[in-house]
Amino acid sequence: RESDHRAWTPVSYTVTRQNATIQGLIQGKAYFFRIAAENLIGMGPFTETTKEILISDPITVPDRPEDLEVKAVTKNSVTLTWNPPKYNGGSDITGYVLESRLIGKDKFHKVTKEKMLDRKFTVEGLKEGDTYEYRVSACNIVGQGKPSFCTKPITCKDELAPPTLDLDFRDKLIVRVGEAFSLTGRYSGKPAPKVTWLRDDTVLKEDDRIKIKTTPTTLCLGVLKSVREDTGKYCVTVENSTGSRKGFCQVNVVDRPSPPVGPVIFDEVFKDHMVVSWKPPLDDGGSEITNYIIEKKDTHKDLWMPVTSATVKTTCKIPKLLEGREYQIRIYAENLYGISDPLISDEMKAKDRFRVPDAPEQPIIKDVTKDSAVVVWNKPYDGGKPITNYIVEKKETMATRWVKATKDPIFPGTKFKVPDLLEGCEYEFRVSAENEIGVGDPSPPSKPIFARDPIAKPSPPINPEAVDKTKNSVDLTWQPPRHDGNGKIIGYLIEYQKVGDEGWKQANLTADSCPETKYKVTGLTEGLTYKFRVKAVNAAGESDPAHVPDPVEVKDRLEPPELILDANMAREQHVKAGDTLRLSAVIKGVPFPKVTWKKGDHEVSPKADIEITGVGSKLEIRNTVHEDGGMYSLTVENPAGSKTVSVKVVVLDKPGPPRNLKISDVRSDSCYITWMEPEDDGGSVITNYVVERKDVASAQWVAISSSSKKRSHMAKYLMEGTQYLFRVAAENQYGRGPYVETLKPIKAIDPLHPPGPPKNLHHVDVDKTEVSLAWNRPDRDGGAEITGYLVEYQEDGADEWTKFQTVPMLDCVVTGL
């Protein structure tokens with residue numbers, strides 16, 4: 001029952017245990033409880049609680065505080081914050097206990113002696129470089145709860161934070177001249193950053209117009225009464241030891257433009273209009289020029305008349321002028337922010353002042369060839385209008401009509417190469433200038449010239465050298481001159497000089513006797529030393545001489561033979577029969593060596609073609625046969641020595657015929673054939689044998705084996721009694737060799753044996769001079785039909801048997817006894 005009620009309320013269930021849980025109570029109310037025991041007889045008396053029981057949760061120590069965080073660290077202090085525990089244990093929090101542990105130590109120590117109610121605390125007096133971890137516990141009326149989770153180890157050192165920058169301005173800012181502007185923002189960082197302002201990479205400093213204000217968290221640049229020079233890219237840099245941040249703003253201080261740049265140029269002047277031009281303002285005021293305003297004024301009047309205000313070009317046509325009057329022009333530039341001061345021209349009279357160009361001076365002709373000439377002239381007065389074209393004309397001196405050298409325009413150059421001249425003809429040239437008014441008068445004609453190539457002496461020959469020598473001659477070679485003087489090289493003059501002499505002697509009298517770039521100087525004296533030089537000659541004359549660099553001593557040159565083998569002179573050369581065998585080598589040596597080819601120890605076959613040149617030798621055998629194989633040698637010999645090389649030549653051919661063909665084991669349906677390999681395998685491995693047979697009555701050979709690798713074969717399926725011939729050939733990769741054939745036919749019959757003895761010989765009748773005999777057939781006939789029986793008799797006591805006769809039947813009468 002509730003403490004303030006008198007009525008008892010039964011609990012809704014009966015229990016058999018000695019405890020019970022009472023549900024449905026109201027927190028904060030006080031209750032009395034009673035309990036009675038019951039058995040089959042009935043219920044006993046109640047026992048009641050002695051005092052009321054207040055319903056409330058049981059009070060425990062608080063849970064762990066939450067979110068313990070380090071907010072700041074310096075070299076001697078740490079600032080921490082935390083949140084209350086989720087559950088206070090059923091009683092209000094009375095304080096917090098903060099503990100720390102030096103890393104490396106086991107125990108935590110209280111940081112404060114008294115309990116704190118604030119959830120933020122700064123631990124001071126720490127030692128720089130030490131590392132701690134912290135935990136915090138909550139306390140209530142029951143006691144101190146579990147500590148929070150520890151912080152990560154914290155080392156005491158000044159905290160570093162890279163700079164941050166938050167700007168209040170955009171990337172671009174447009175300001176009118178005379179107005180003020182400011183650039184502001186906020187920043188942070190540890191240690192406190194340094195703030196620097198720049199304009200176009202130049203550091204800004206405070207003066208009468210520029211104000212810079214910086215607080216620990218804000219920055220500001222202010223400019224009073226801005227001028228055009230304040231235009232630029234502004235940059236603020238916030239920098240400390242951990243890094244830097246930059247912010248940019250393009251500030252454009254705008255104004256009306258400066259005046260257009262003069263002078264005003266009168267490009268065209270006519271009696272009723274003019275065309276003028278000018279240059280844009282030096283300063284467009286920071287904004288693009290939108291248009292120019294052009295006005296005109298008759299110098300006799302004070303009134304300026306508008307021409308146009310819509311042009312954006314720096315040129316303008318001034319119309320509606322009165323001929324003979326003088327005019328002034330003034331021009332304004334305009335942008336979005338205003339109109340500039342004007343540019344005023346000089347006075348100009350309205351009248352025609354242009355004409356065609358003057359005639360050029362007499363042209364000069366250069367670089368004449370057989371089909372072209374270069375015409376050069378000076379620019380004449382242009383008549384007030386720019387020259388746009390020159391007209392070059394040509395004519396033969398005896399002709400009367402001038403012809404244009406080209407239909408294409410010639411400008412701006414003052415020279416032109418006239419093509420398509422006829423070789424040997426005499427020409428003169430003239431030039432006219434043209435502007436937009438028209439074509440001016442032509443120049444006086446040039447001096448006449450003949451169309452032909454100029455000829456000069458050639459340059460000297462190149463790189464003369466002595467390449468060979470004997471006891472009375474020297475061989476010289478050289479290269480043609482770089483320049484032939486525009487004339488054909490007729491030939492070369494060769495001169496020599498004995499060392500010690502002063503005069504040069506000619507080896508050849510005329511240049512055309514040496515048209516090539518080599519010459520053998522003969523008739524020299526053995527043992528003497530000579531110098532040599534060569535000149536090139538064309539129709540204009542002789543070139544300067546080119547000297548052989550070093551003097552040459554005249555004597556036979558000895559060089560031992562040298563063989564440079566071609567690929568076909570490898571150690572072994574394989575040639576297919578019927579193909580051509582080629583062996584060749586390059587031969588060197590001075591004097592040129594004697595060349596000898598041999599096969600083995602003998603001369604090579606007469607069918608071999610041997611060619612010997614001044615640089616090598618070649619041996620060639622066409623339609624090679626197997627016998628052409630062997631060891632070939634090439635010997636070269638001169639007084640300085642000799643050299644020999646050898647090459648084994650294998651002529652690959654079909655194999656020869658097999659040997660010792662034999663037939664054995666003849667039966668009525670088969671026989672056994674054997675043979676030996678050919679003496680000559682053709683230089684290639686024998687791959688198989690071909691065996692064929694032929695009935696003597698037939699003209700056709702029949703193959704009975706074409707792939708046998710063995711040297712024997714069983715010929716089967718013969719017809720009994722038929723006579724056969726057999727033949728065998730060998731094959732390699734180059735073909736089938738000749739057959740070897742049996743000398744006589746082989747008859748297909750089983751082998752024959754003598755018949756057995758007749759059986760049961762007995763006499764049938766006896767007379768005084770004759771006996772009648774009879775007998776039976778023998779048990780075996782020996783493999784052939786019995787053709788008869790030989791009857792013999794012997795006198796009793798004698799040694800020899802006497803032949804009587806051969807009879808075909810199984811009986812006989814022996815007479816003459």
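The backbone N, Cα and C atoms fix where each Cβ goes, glycine too.
All annotation found in TrEMBL is predicted automatically rather than curated by experts.
In terms of DSSP secondary structure, the domain 'Fibronectin type-III' (1-58) contains 0 helix, 16 strand, 42 coil. For 1-58 (among others), the entry in TrEMBL reads domain 'Fibronectin type-III'.
Feature annotation from TrEMBL assigns domain 'Fibronectin type-III' to 64-159 (among others).
Here TrEMBL flags 163-252 (among others) as domain 'Ig-like'. For the domain 'Ig-like' (163-252), DSSP puts the residue distribution at 3 helix, 58 strand, 29 coil.
Secondary structure by DSSP for the domain 'Fibronectin type-III' (259-353): 0 helix, 50 strand, 45 coil. Annotation comment: TrEMBL describes 259-353 (among others) as domain 'Fibronectin type-III'.
Taken from TrEMBL, the feature domain 'Fibronectin type-III' applies to 359-454 (among others).
Regional average pLDDT for the domain 'Fibronectin type-III' (460-557) in the model is 91. Annotation comment: TrEMBL describes 460-557 (among others) as domain 'Fibronectin type-III'.
Sequence annotations record features per position, and here TrEMBL assigns domain 'Ig-like' to 561-646 (among others). Helix first, then strand, then coil: DSSP counts for the domain 'Ig-like' (561-646) stand at 6 helix, 53 strand, 27 coil.
According to TrEMBL, the domain 'Fibronectin type-III' annotation covers 657-751 (among others).
Mapped onto DSSP helix, strand and coil, the domain 'Fibronectin type-III' (757-817) counts 0 helix, 29 strand, 32 coil. Residues or ranges marked as domain 'Fibronectin type-III' by TrEMBL: 757-817 (among others).
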